[in-house]
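J.: For reference, the structure I am asking about is given below.
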Amino acid sequence: MGITKSLMIFFHIVLLAVSLSNNIILTSGAETTKFSYDHCFHLCVEGEYGSRECFVDCTQKGFWHGVCANKTTAKDPIHCCCYN
């Protein structure tokens with residue numbers, strides 16, 4: 001009974017440690033999706049034309065994804081950019 005109890009305590013400690021760990025640290029080696037800015041069409045305006053409308057427009061144009069993004073720098077206006 002002592003071994004079973006020790007194993008259960010160890011299992012619960014490991015489970016607790018995993019659940020409390022920071023997910024960003026666990027996924028720090030993941031690559032972000034990269035896309036070309038060649039297919040940026042509509043200007044994104046908060047409250048009027050956002051990520052949802054951008055995604056719908058891009059899928060209607062035959063792309064898999066669409067996101068509101070700056071073309072080159074943070075100072076540039078945000079456009080709807082489509083990519084696969």
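Quick reminder: no glycine exception, Cβ is built from N, Cα and C everywhere.
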J.: Tell me which of CYS44, CYS82 Swiss-Prot records as disulfide-bonded to CYS68.
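T.: Checking Swiss-Prot: disulfide partner of CYS68 resolves to CYS44.
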J.: Which one, CYS54, CYS58, is listed by Swiss-Prot as the other cysteine in the disulfide with CYS80?
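T.: Between CYS80 and one of CYS54, CYS58, Swiss-Prot records a disulfide, namely with CYS54.
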J.: Roughly how many angstrom lie between the C-alpha atoms of CYS40 (disulfide bond) and CYS58 (disulfide bond)?
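T.: Checking the Cα atoms of CYS40 (disulfide bond) and CYS58 (disulfide bond) gives a distance of 10 Å.
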J.: Under DSSP, is CYS54 (disulfide bond) helix, strand or coil?
T.: helix
J.: If one looks at the chain holding CYS68 (disulfide bond), which residues at least 6 apart in sequence have a CB under 8 angstroms from its CB?
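T.: CYS68 (disulfide bond) has long-range Cβ partners CYS44, GLY50, SER51, CYS54, ILE78, HIS79, CYS80, CYS81.
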J.: Let's check the environment of CYS82 (disulfide bond): how many other CB atoms sit within 10 Å of its CB?
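T.: Neighbour count, Cβ to Cβ under the 10 Å cut-off: 24.
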